[in-house]
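> One structure, pasted below without further comment.
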């Protein structure tokens, strides 16, 4: 690694801290050549999570896609952006604990629905209506009765 200021390959670590809830290391380094300090981050390079779609196709998990569904479901509720980010962090941690790097979209939807249900029943119903493909009012009624 080169110093971003002078290009020297010699530098010293002056401080190391755990960052991102243990998922990375933050290191403060000092270059003896130019006396300047800079920060580096080290992260574990993980295999991507692959989502198996309903039709059997596979695609790489996209946090933004999951986030979009949560945001849409949570509109005009008390759920904050921070809570949505926490749901996604928890989801990704749950998925990483699985034995496989491949997971069915149904499993992801169920996990997200369960997490939403704890925060807002309205957001949960909205999410479930899309995820479970409600087709008529009876589908909504059945799901609402389960909540009562």
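Along the chain as shown, the residues are counted starting at 1.
Positions of Cβ are set from backbone N, Cα and C atoms, glycine also.
No curator has checked TrEMBL annotations; they are predicted automatically.
Here's the feature list from TrEMBL:
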type	residues	note
ZN_FING	3-34	zinc finger
DOMAIN	49-139	domain 'ATP-cone'
COILED	74-108	coiled coil
> Between 0 and 100, where does the mean pLDDT of the zinc finger (3-34) sit?
91
> For a three-state summary based on DSSP, what are the helix, strand and coil counts in the domain 'ATP-cone' (49-139)?
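For the domain 'ATP-cone' (49-139), the helix, strand and coil counts are 58 helix, 9 strand, 24 coil.
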> Taking DSSP states H, G and I as helix and E and B as strand, how many residues of the zinc finger (3-34) are helix, strand and coil?
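In the zinc finger (3-34), the DSSP-based counts are 3 helix, 15 strand, 14 coil.
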